[in-house]
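Chemist: For reference, the structure I am asking about is given below.
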Amino acid sequence: MNIKRSIVLRVRIAFLVVFLIAGAIFYKVVHLQFVEGEKWAAKAESLNFQYRQVSATRGNIYAADGSLLATSLPFYRVVLDPVVAKENIFHSGIDSLSYLLSSYYKDRSAASYKKLISDARTRGKRYVILNRKQIGYQDMQKMSKWPVFRNGRMGGGVIFEKVEKRYRPFNSLASRTVGFVNEDRYGAGIEYSFNDYLEGRNGQALFQRIAGGSWKPVFDAEDVKPDDGYDVLTTLDVNIQDVAESALLKQLINKDAEFGTVIVMEVETGHIKALANLQKNKSGRGYGENYNFAIGDQGLTEPGSTFKLLSMLALLEEGQVSLNDVVDTGNGVFQFYDRKMTDAKTGGYGKITVKEVFEKSSNIGISKLVSQSFGHSPSKFVSYIEKVGLNKPMDFQLKGEGAPYFKNPGDRDWYGTTLPWMSIGYESKLTPIHTLMLYNAVANNGKMVKPMIVQAVAKGNHVKKSYQTEVIRKKIASEKSIKLLQELLEGVVKNGTAKNVHNEQYRIAGKTGTAQKLEDGRYTKKYYTSFVGYFPADNPKYSAIVVIDSPKGFNAYGGDISAPVFKDIADKIHAQDLKLNKRTPTDIYMAQKDVDFPYIQAGKFDELQLICNKLGLSNHSDGISDGYVKSRALDKSIQWQANQVESPVVPDVSGMPLRDALYVLENKGLRVIYQGKGRVKNQSIVPGSPIQQNHVINLILG
Amino acid sequence: MIVSLKAWIDRNLKGDPMIWGIVIMLSIISILVVYSATGSLAYKYTGGNTEKYLLDHSMMVFAGLFVMWAAHKIPYKWFGLIGRLLLMASIPLLVITFIFGSTVNEANRWLTIPFINKAFQPSDIAKLALIATLASLLAKRQKNIDELKKSFLPMILVIGFICMLIGLANMSTALLLLFTCLLLMFIGRVPMKYIFMFILFGGLFISASVLLGQRGSTFYGRIDRFISGSEVPFQAEQSFIAISTGGITGKGPGKSEQRNTLPHPYSDFIYAIIIEEYGLVGGATVLFLYLALLYRGMRIVASSTKPFGGLLSAGLSFALVLQAMVNMGVAVGLGPITGLPLPLLSMGGTSLIFTGFSLGIILSVSRGDHADEIENIGEGNKPRRAFQAA
């Protein structure tokens, strides 16, 4: 068969060709191994490649309102591989590039930059650090438009090496709570506790070591793209945090105390709105956020009188005590076995009711009552601590929570005196956040919620994990007992040890605590003062605890030291929170003579009217119904005057917020440049001048 | 046990036993080398779970073998029709991929199949289909193969069109396919003067699609750099280091050092890793296996009763082995970097399925019992008989 023979012959020819190719491949392998072998082995030695980490961008930490508490800002180091650029690109761009570099860095002349780059190019140097200064993102963007640079890494040889820096827009605000992570991935606060989410996953890229120990990426893109970290949304309120920190700091300085802690929490949700910790700096001057005493191990102490709330809870739940029973607290000194217990008032309180025992914080009264009810079965008392869930760590969102410590009957260190002393907050240890959790439960009508500081972990719009309020105990005590406890806590402020924070505007409920500090096994004359409570007492919105450690001076009681800080914070929150503040502020503003009219100066009529009506400010419009207005204070009310921004002349924007001013002016075709913050104070073109398109108008805000 | 295994093989694995043997040996080598070469990949992407790539790749190897087995059950006369249908289907697929496909290295080559979420390259289908179609066209025109209008023009139009479509996104594949078709036409007795015309024509449309396509600059850049020889590209340099440090017997399985720096050590440069780990001996063995595969494919041409079977087998064998030669040639520095995987050895996901399919077709032709004219049994069946007797 002729056709078949021909085909078979042709296939054999083709096979021969492939066979020759295979032979060539084999020859080349042999050649590479035996002829060029040493050359490539040497090359392998000299080339030093390594997969190196490409850092992922760390996630942000936000306050509840979206304010940034911590973010990572990219900075760049500008490096050039001068060999990459093609001849024409290099020659046409080098002069202007050198000039731009020189005028940007201002450290060497344009000629010097040109020499640096050109020399490196001639010598075949592949990695020239143009300047060690790190530049910001905006500048990097600008630079990447420069000649040569604009051809990119592959065309122009420019390398912007990213370095990330952690930046806190509010500086030291809540700095310990926000926390940190060091290079060993150890740290504190949210940065540390949520590091797994925040850090993201680093990418990898192949780098080559070059002279001078630097590493140069081999390819343009990473082999493994870094996966940026998640953002953490906290429950913190920047305003409340600010208020809490400054109130605490003021008192710490005032009393020259060792450290202080404030926690402000939303009653219903357990959201922590502020968490401040200030400690005297080692240098002895000023205070800084060095340790989270509110939560951490070092914050564990004998809570003192604030723990009497739990004793009262146990007594009331046992049902053997009513608030009007009379207790004989004697002359202020009472002997339990070999230990003397004393009351704050020299000479004692004598015979007082149970309610007064709590309000005056009588140690003898409480411990006598507890001994009567639980002396025969102390374990029953301890069971109440378990019942409210205070005996174990709550597993707080931040790492390093101090574990509560309580003795148990039958323990080797359980003595006859343990129960009476335990009932007044000694011989056991709690952190401030545990104490606050108990008080918050009373404020929340018996429902104990777990304090939380992080609401959600998210990236962009994608919520990775959201944290809901956790209920630890649905009811820590009967409805009746809770009501009585609330009454007692209000009584402390109305009649008792915290009378000084009583005020007419809203009611505070709470309890003072003053614990003697145990140092080296002996009680000293140093005190751990606290106030924990909630407000407004009739419908609790926030609970808070204030702790001030080792205040100096005469009155070292919780009522005198910590309670005023609590009131300071509560006052400010109350004033800021419109929902809490039912009274209209009209009378306050109007009571002042010579009104420096608050901020509302100019803007859109409907918006301003809405604000004024909400605030109860009397305002009149004289027939204006929309558009822009300016305000004029007339007697005790505001007169709106139309602001003719529609007319074809430069409008008067003074007094307007920037947003309105920008809208009005840019609609007229003007270009706006502004400085400062706040409302428009000055405009560079006089109102009423004719408009020239694209003219620049300068605004000064203030 | 052994007897029953042999009986099972006799019953189920028909066709040239040598081809079965070669394919299974290459598959085993593939799993070993890919497992080693993906070490750094696994470390980077799966947090050290190296078994993931081993399992994924082994699954694909077995899937490829299964497809090969299934295809060898189909009488080969159907592949002319199947090829033509697949070719028509591949045209819209290529266009869709070019426009919408996912991008790897700036070229759209991959299309993801919905539901099973596996990406595949439509060019793999087109390659197979074009060769089958061309074999069928050639076979039908053997009597009047010299006629320009009736024989040559229809073929050149189909080849030109498909290669151009593939060339839009993947010039190396298109060129190799074109060359394979050229070879197949030579084998199919197309006169040499037409083939030279073909080369001229091909040169024109390559230029056109390079200018129009996505990878034009890369393509010319590679050629330019290879010819000028001024600077050895990074990949090649790393590959040479791997080959020259491998020595005669290699560093041992899993002991490659270059896999960490050599890009795509599990596909484009797998041959360099084979030599690094198994030495000159390993490299020569692989070369030999491919040549043996081609030789067996060529034997089928001689034994087949109809031109279609022979041409089909020859076309597919040459397509596969030529690609292997190009890949190995690149690894050792005989040609510019192309990015073509090594068939049967590289970790290539769905490519292995299509390789399996073409081997199945070759086996189907080799069975002989599928031919419609039983009486004309050629010498090619001898090895099979010997095998059965053994």
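From the backbone N, Cα and C atoms, a Cβ is placed for every residue, glycine too.
Pasting the feature list from TrEMBL:
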| type | residues | note |
| --- | --- | --- |
| TRANSMEM | B:18-41 | transmembrane segment |
| TRANSMEM | B:53-72 | transmembrane segment |
| TRANSMEM | B:78-104 | transmembrane segment |
| TRANSMEM | B:154-187 | transmembrane segment |
| TRANSMEM | B:194-212 | transmembrane segment |
| TRANSMEM | B:269-295 | transmembrane segment |
| TRANSMEM | B:307-332 | transmembrane segment |
| TRANSMEM | B:344-365 | transmembrane segment |
Chemist: For the transmembrane segment (B:18-41), could you work out the same-chain residues 6 or more beyond its ends whose Cβ comes under 8 Å from its Cβ atoms?
Modeler: 50, 53-54, 57-58, 61, 64-65, 68, 253-256, 259-260, 265-266, 270, 273-274, 277, 286, 289, 292-293, 296-297, 344-347, 359, 362-363, 366, 383
Chemist: Which residues of the same chain, at least 6 past either end of the transmembrane segment (B:78-104), have a Cβ under 8 Å from a Cβ in it?
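Modeler: That would be 110-112, 119, 121-123, 125-126, 128-133, 135-136, 139, 158, 161-162, 165-166, 168-169, 308, 312, 361, 364.
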Chemist: Would you say the transmembrane segment (B:154-187) and the transmembrane segment (B:307-332) are touching, if the rule is that at least three C-beta pairs must lie under 8 angstroms and be 6 or more residues apart?
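Modeler: Answer yes, regions in contact.
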Chemist: Hey, which bits of the same chain come close to the transmembrane segment (B:53-72), Cβ under 8 Å, at least six residues off its ends?
Modeler: 12-15, 23-24, 27, 30-31, 34-35, 38, 41-42, 46, 266, 347-350, 352-353, 355-357, 359-361, 363-364, 367
Chemist: By a Cβ-Cβ criterion of under 8 Å, what residues six or more beyond either terminus of the transmembrane segment (B:269-295) are in contact with it?
Modeler: 18-19, 22-23, 25-26, 29, 33-34, 36-37, 235, 238-240, 242-243, 245-259, 262-263, 317-318, 320-321, 324-325, 327-328, 331-332, 341-342, 345-347
